[in-house]
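Data first, discussion second: the structure below is written as structure tokens.
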Amino acid sequence: MTTPTTAPSGCRSDLDSRYHRLCDLAEGWGIALETLAAVGAVATVACMFALVFLICKVQDSNKRKMLPAQFLFLLGVLGVFGLTFAFIIKLDGATGPTRFFLFGVLFAICFSCLLAHAFNLIKLVRGRKPLSWLVILSLAVGFSLVQDVIAIEYLVLTMNRTNVNVFSELPAPRRNEDFVMLLIYVLVLMVLTFFTSFLVFCGSFSGWKRHGFHICFTSFLSIAIWVAWIVLLLIPDIDRKWDDTILSTALVANGWVFLAFYILPEFRQLPRQRSPTDYPVEDAFCKPQLMKQSYGVENRAYSQEEITQGLEMGDTLYAPYSTHFQLQNHQKDFSIPRAQAPASPYNDYEGRKGDS
């Protein structure tokens, strides 16, 4: 006769043992992480509603084009917080495929959206025509679909179509190595996003560089989190019972990094008025162009004469309200004498008469 297992402190006696970490007071990390994940999920949903509300508040059309990709990004963040519960619950035939498939797919969605945003900012900061919202969204979805194909292929080959318990049956070192190898494409996306964001700082329209900083700093913190959990997961000296704790902590930490260092700063920029320093080249035709000031019709004959005589512009006097022809080298100027009437031949007529 088997004795029933006693429920840990804080859990009901009839609760399945797979869910004991959600309420076990002795293992407080499960309760702490599920609380942070739940709060993060609620905050993400609130951000999604706020994003829909801000659509009519965004005055800059170039910022409005990013809203569909940012909404997709929030869906990925919501999935990251939700996936945390799959790592708090013990590994079995249901949580195993969920972990291996969704971990890479959700992060691929997030980093693909950041990479598409960085590509659009590179054009804007250089004054070029920005990408349309459909192109930005297509880039984000296209980059993330690669990880979907990789994850599906791995699951089909590993489970042999029907064996869903294979992940719990694998040795822990082998399972961790496969898990990390499955995420190589996500690591490439993350590093590519980080280095691409540096190109946003090379441009004349400085108003867009703030958005590039949000992407750069978010990618940097994400890389630090990923390096930490990968190293901890692959160290053989650590007790394998902490694997789920390490992965669930990485999920919660990265989810809050996405919210705190990308979403919230971007939301602060959305309702702001359009600044002249943010104008791309497509608005250049609205700006007045400087024209060369001209004081008359140029005569190439006189211009050529000035060149042949070797006259300098410093010797030219400009007199306002005068004609185009100005006095040059005024020290050698001379006056033309007035015309005088010739003497009449009859002035000496009377004198000639007296002589005769």
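Here the Cβ of each residue, glycine as well, is placed from N, Cα and C on the backbone.
Relative to the membrane, G203 and E266 are annotated in Swiss-Prot as lying on a common side. For N160 (N-linked glycosylation site), the Cβ neighbour count at a 10 Å cut-off comes to 8, with all displayed protein chains included. Tertiary neighbourhood of the transmembrane segment (36-56): same-chain residues 64, 67, 70-71, 74-75, 77-78, 81-82, 84-85, 248, 251-252, 255-256, 259, 263, 267, 270-271, selected by CB-CB distance under 8 Å and a gap of 6+ residues from either end. Helix first, then strand, then coil: DSSP counts for the topological domain 'Extracellular' (236-244) stand at 5 helix, 0 strand, 4 coil. Predicted-model confidence for the topological domain 'Extracellular' (90-101) is 92, expressed as mean pLDDT.
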